[in-house]
Structure formats: structure tokens, C-alpha cells
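Annotated features in Swiss-Prot:
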- 224-245: compositional bias 'Basic and acidic residues' (COMPBIAS)
- 246-255: compositional bias 'Low complexity' (COMPBIAS)
- 283-295: compositional bias 'Low complexity' (COMPBIAS)
- 39-107: domain 'KH type-2' (DOMAIN)
- 213-295: region 'Disordered' (REGION)
């Protein structure tokens, strides 16, 4: 179901792309996957205050390219680029290959699901009321162009004894629609009462596919195959020859007799009656009473 499954994984083959893009055979796949997880955990701890939205890992031939999407690129780069150089050395040591690190700026962090979740968890750790933090984030997202947003918080909210779950939604969030561009992010708040989990769904509109445009091509083909339908039945005129009179009009009387004007006959037969010559049988001459022959 669309409400239960991860929205990113649900749309991977349609409108989303993978966050790790490389190929490995069966022997090397597990090791490379473990390296990716290790790198992501390291960047999560190292760049905790840099507002990192997502990390893209690519592995061309015997190299690695890591793209970091951040709302605060200056924190990642550091003074005169010192921090990013140290980051490259550490990542190269972990992966064992040369690493190129690229920084991409997130223009609107208010409508990025991961950054919204991180912002709410930071406020929860500062003992701000969870309802106030959630509603403020929703207002900012809708104000900056999001078509819909849903936020869910789970755990010992406000320090209550029994954990519960609360969620709020504004706008529309169509999780079942595959062409819908749904941004999904999660985060955890480490509070004195325990962990509070935050999930965020942001609806940004419909998309026509990934960067290669395969989704747009599929939609165009489907539209061409769809044949146009004719007008509605009640919009057609009622004076067609193969149809009767309009609805509500008086009907002509029916009977077994033929019409007097010959309208039931073909046009040629009806017109031929005017030029026909009537045949009159000539009567035989009457015989004489005395039986004599007349000349």
C-alpha cells in the first residue's frame, strides 16, 4: 500500500533514481555495499551541523565520486577549503581509491523532507513543544511552494509514560500516485525520555519521469493510444433518418394500411404511375336476334 511503503523505493523505477550508482559482480557486491553504508554513517556524524539533505555515491572505473547536497555548503568546505581536503583524504582511506567530493547547494531547505525532519528533531532536543515545531514547519513548507506536507512524530511525546503517535497534514499528499513527486525523510531526536522518531512527506507536484525522460515518453504513448470518444447521446439531434422523433414529441399513428400518397414506394415506382396507359378490353359485337350474319 502507498501509505505503508517507503515512497522513494516505491518510485525507484518510475520517477526516482538510486542514491548509489555503480555496478559490481557477485563477489564484490557485498563489500562495496558495506563501504557505502560506512561512508554514509561517517558523513552523517561528521557533517551533523551542515544541514546535509542526501549523499550520492558514484563509482566510475577505479575511482569514486561523492556528491553532498547541503543547505550550508560553507560549513562543509570550511575555511579556505581545509575541511573538504581533510574529508577527501579520510574518504580515500576508507574506500581505498581516489575520491572526488562535490558540494551541491539546496536552494529551498524549507521544502526538503530530510532537512525538515532534522529541524524538528533539533527543536525537540531543545524541549520545544512538538506540535508547535510540526505546525511551524508545515506553514513554512506551504508558504514556499509545496503542494502538500505530512509530518508524523512517534515516541514519548512531551515525556508521557505511554508512547504514542501523532501526525498532521496540510494540502494533499497522494502516496498511491506513482507520478507524484513525493520527497520523504526521517530523523530521530535523542531526548531524556527516549528516542522520538520524525517522518516527513512533501508533495511537490507531478513529474514526467527521471532525468532520462522515460516516464514522459510512456505518458505520451498512452495518450496517443487512447481513441477520442464521440459526443454524448443526449447531445445528438433527434431528426436523424434512422431515429424517431425527439423525446416527448407526438408519435405518428401506426396501422397495416399503406399511405395514400404512395410514400412507401420507391421514387421510380411512384413517378411511373402518372405515365401509365390504362388497357381497356374492347367488348365483342352483339349477335343478331334472328341469327343472321352482319357484314
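Including glycine, each Cβ sits where the backbone N, Cα and C put it.
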Secondary structure content of the domain 'KH type-2' (39-107), with strand meaning DSSP E or B: 30 helix, 21 strand, 18 coil
For the domain 'KH type-2' (39-107), the mean pLDDT of the predicted model: 92
